[in-house]
Amino acid sequence: MPTCRRKRVVLTQPSESLLKSLKTNLDRDVFYLQQTGEIFETYEAYAARMSFYRLKQFQCEVTGKSGLDYFQALASERSEAETLHSRFSEPLKPAILKAVQFQVVGRLDHLVESVYERFKDRYFKGERVLIDLSGIKYYGQVHTVYPPKYSTDVAARDANKPDAEGVEQGAPRPIDDEEPHQIHDDLKTPVKEVNARDDPFLYYYWVLLTDLERDKSDKSKASKPTDGSEMVGSLMEVQCGRMSRDRLSFSKSILRRFIRDCVDRDAAVASPWTVKPAIAQKYGVISSMTEDTRINVEAIKKGEHDKRKKVWEDKDGPPNKKHKKMTPAQEEKAKAAAHKRDREAQEKLDQQRLAREEAERIAAEKKKKKPIRYPTEDLDVRLVDKDLKAGMKLKRPVPTSYALPFNHHPGSFESFLMSWNFLVVYGQPLHLSPFTLDEFEHAIKHADADMPCSLLAEVHSTLIYNLRTVPFARHSAVLSLLQRKDQLRAEGLEDEEYFGVNTDQLSAAMSDTGNNWERVPLRHSEGREGWEEALIGCLKDHATRANFPPMREILTKLLFAPDPNEVPEPHAPSPSSSRGPSPESTPAPQRLSVTSTPRERYINLPVHDRIAILSFMVNLAISSKAIHQHMESCEEQLTALRKEKIEVNRTKKQYLEEMNTLMGETKEGLVDEDVKMDDPSDMSDVPASENGSDSGKSKKGASKSKDLRQKAQLQAHSKQREAARAKQASVKQAVAEHRRLDEEVNKLERRLEAIEREFRKLLGGVRVKPMGKDRFYNRIWWFDGLGSGNLVGSGGATQYGAGRIFIQGPSEFDLELMMRRTDDEVSVQVRRLEEEGQEGMLGPSDWAVYSDIEELEEFIAWLNPKGHRELALKQAVSKWWIHISAGIRRRMQDLSVHAKLPEARRSTRTKVAPDITREAYMMWTNRRAINAT
């Protein structure tokens, strides 16, 4: 068995639950690892085990080679084992295996040494040996083994010779029933004692010489006159002294490999070596212990345990010398010393225990005091009283599932939503104008034969044009139906009938319809006339029973009509609400016996069949060349937008830095203007002299100095005013520049918003991802503004596609991930019941919707930003909240307008059918259509 990090690799056993389930469900799918025979319940477990086996960390147990994967190590072991078993003497194998069975020997080397010493001079019947006769060695085969009791009776030995008188060739002989070498006792018994009871040198062997050993290295024998070949083929009596074995078949190294390959033992102390069950059964080795053997093994185990226990208790070890008898005083002194040692050891243990407890207490306090770093795993966050008092809601508002269109039929809503999203996202390569989800819903439900629906015709026609470029097999649907008929006939069953139409009738009707679908022009100017027949041709060449299971019932409904003279049963469902049987179910009671045309019958096709057709065509159209080219174009435009966004952010940052600089200069200028400047008239006033008797000379000098002072003050004031005007002009210029930069920043922000909207549109053409997940892994979807759909129209008008927020239940993987959480105080299922409610819990294929602003606001308030998923979801919703709320409001307004229109036309005298031509889906036009097609 290969080893990994010196431990044997144990194969994985099937779980109890899997074994129980297989008793009741034999057709259950499992994952089988052929190389090891292991069975796994899930692909994840299978893949993990296979990845483990492929690691280059295994070692061949036989050769010791490392750096191998599991299968390489296993192949190496098997190759070495085959070589070993082919070389090892076959007659010797049972004897050695019987000798090692249930032996209690510590090391494998000791076991090999004991076996080798016991069997090196003992030979068995049929064994290939080497015989040394006067220096010449012959290969021989042991023919007869004579135990020691025949050692002195030559006549008895001769009587058993094959060519003896009275002995028939091949007849049984008494010597053949005697088992030689009865030495199957404990290998710990000394070899001398065993040989004293059964001496190998008293055995005699009749050996048939078969060949001469040719030793090219020995040149001395070449000089002899005879090479000894005349002895080949003769029968000779020899003893073990002249006999030996080939070193390639028997040596200590070969014996060690053989024993290691054939025996095993438990990891417990003093466990016996046991032969592997398959090998024991092959060579007749007893696999169950006898009572005596079991008692001996138990005694050895007990002795080993007692020995180890004594060594553990007596740490100082046994005395090396025999102590002299102590006096009573010495005994008291020794007891006191031993008591002191015990007390010191106990005190040391107590100190260690107290230190360990103190360390654990400190670690627990640190762990308890350690604050949780948010955000963290959402399911680890629980609301406390503080959060509830702060206004956070414990229970999520329940989304509605009954408001979803076609949700009464399993899988129909998801297919309907997927088809609408594909048609809107890839409207540009499909040449299809965008339309809302409500308009698509009403178009699917359209059932007025007198008023054709342009939206239905355009959608089917553009998909038909697209599928003309997708490879198809001519008449694949007819061939699939005929194969099913032949299969039923081979099983001895009659042909199936759907709505009273058998395979031959349906094939005949299909052969006359839509044969030229890939070339027929479906012109937009002619209302796409003939698209129904082209649809039959498209399905006839693209669909099979495997890729489109409801193909037969849908084609039957499109090509056959009920007999108008036939009276329907009272409780028979109408064609618009009933569903035809699946290929495995019983046909519906209504019979379709009259051949009709797809143009007449499509209007009576149930809505879930219409959705199934569109979903099938959409799945095929994804692989078309036009869609792939559009995806590549979107990738290129996304790269360009990313570069532009980087440049815009860099320019915006530069403008903001310049604005901050200008703002500082403006504040300094405003502070300088607030400083009050002195009036020149005040500065020129000089108080009069109090001494009226001053002389004229002093008055003249004072007047002159006064004039000079006034002149200097006037010049200084003039300079200040010039500086103030220059400063004021600079401030005005800075304010104007600040205003200009502010306008540039606003333009850049608007451009960034446009880039984000354009980025969302292009990203929808490459992949559609949910906005995020809540704490229970429910996926939140918002489909507006993807692909050819817009969030803002001309003039800034709000536009929407779905105008709602959809919630999809957790995937099966996420659900399994939640159920694996076992460390929570409250299980996830209980939390879901508490926080979502029974009605709000969604499964993997369940959908629900928030159509009202108030409900959506409550849902956003319920999200807890302390969790990773809900923080990211809340940020995504906040980023697009303006467009999300605007789309929801616009949709509610449109619904209220269309709801009031029938009331305005209502008459009290006569009952008039509503005018559906004024409905939004009937007024929709395809502005992207190409007139030529």
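Cβ atoms here come from the backbone N, Cα and C positions, even for glycine.
Keep in mind that TrEMBL annotations are predicted by a computer and have not been checked by a curator.
Model, not experiment: these values are computed from the prediction.
If you check TrEMBL, you get these features:
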type	residues	note
COILED	631-658	coiled coil
COMPBIAS	304-319	compositional bias 'Basic and acidic residues'
COMPBIAS	330-358	compositional bias 'Basic and acidic residues'
COMPBIAS	574-587	compositional bias 'Low complexity'
COMPBIAS	665-679	compositional bias 'Basic and acidic residues'
DOMAIN	28-137	domain 'WAC'
DOMAIN	410-473	domain 'DDT'
REGION	158-182	region 'Disordered'
REGION	304-358	region 'Disordered'
REGION	562-597	region 'Disordered'
REGION	664-738	region 'Disordered'
Same-chain residue ranges lying at least 6 outside the coiled coil (631-658) that approach it to Cβ under 8 Å: 737, 741, 744-745, 748-749, 751-752, 755, 758-759, 762-763, 765-766
Three-state composition of the domain 'DDT' (410-473), taking helix and strand from DSSP: 41 helix, 0 strand, 23 coil
DSSP-derived helix, strand and coil totals, residue by residue, for the compositional bias 'Basic and acidic residues' (330-358): 29 helix, 0 strand, 0 coil
PLDDT averaged over every residue in the domain 'DDT' (410-473): 91
Secondary structure content, the domain 'WAC' (28-137) (per DSSP, counts of residues): 50 helix, 18 strand, 42 coil
